[in-house]
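Step one of this worksheet: look at the structure below.
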């Protein structure tokens, strides 16, 4: 099984990915996590340090693939989860998608790409070009990490569009959304009501998850010395169980930008008993013609 994890930048994809990887390993699977971000910090909480990237290793070998060994690029982290960082081109130059392709090519050369039960691609923020959608070419399922906010759901909708496009030529499905760092899910529910897709799990805002990232550990590793954290691990184990059940997945149909803006803006600008106190911006009048004009201006 190959998974690609996407979501708005800063939404907690890497932390979520690492904990899902451990959860899958706890279920007896051999797991490889591939970080697909030039920051090369995806696997930090698995290994405890920033591992060398594949691109750095290839450059050091003058791109002679035959001189690269598995131990040069694959590092085993906590829970026996193997880790790879694709790395990326210098800022403002090159293509991140090309780097992902080179990573997969090298792993195949090393006969490592097919040795795992699960390969998880942790991809940088929003899909802004076809290059960063490259991991979808290899994935069976896409997971989208979001929160209960406007920006994250807008980014999720763009990723949904990429999944739909890639599904035309690849056996790719959207496994569903993972809500992260949110005690509410009203906006998420509003979105999936109009754009049907599964919601796999919703994790509340838990300080210990943030602390785990700072410490360079997964929640599972921290729970070894603090059993009070076991309930957090259960969230990720639930996600793993659903994925291992081979979900049918969906080929979603994204909303048009204007439709999504209208849907979410109307929700934010209308106070109801359901969203009273749940959104940061609550105005006592619904979306008016003036508001619609402002929306038109935003979307120009």
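A Cβ is built for glycine as well, from the same backbone N, Cα and C atoms used for every other residue.
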Residue among 39, 61, 108, 228 sharing the ATP site, where Swiss-Prot lists 10, 11, 12, 13, 14, 15, 180, 181 as binders: 39
Nearest-integer angstrom distance between the alpha carbons (Cα) of residue 39 (ATP binding site) and residue 95 ([4Fe-4S] cluster binding site): 14
Spatial separation of residue 14 (ATP binding site) from residue 95 ([4Fe-4S] cluster binding site) - C-alpha basis, Å: 21
Largest tally of Cβ atoms lying within 10 Å of a Cβ, found at which of the binding-site residues 10, 12: 12
Reduced DSSP assignment, residue 95 ([4Fe-4S] cluster binding site): coil
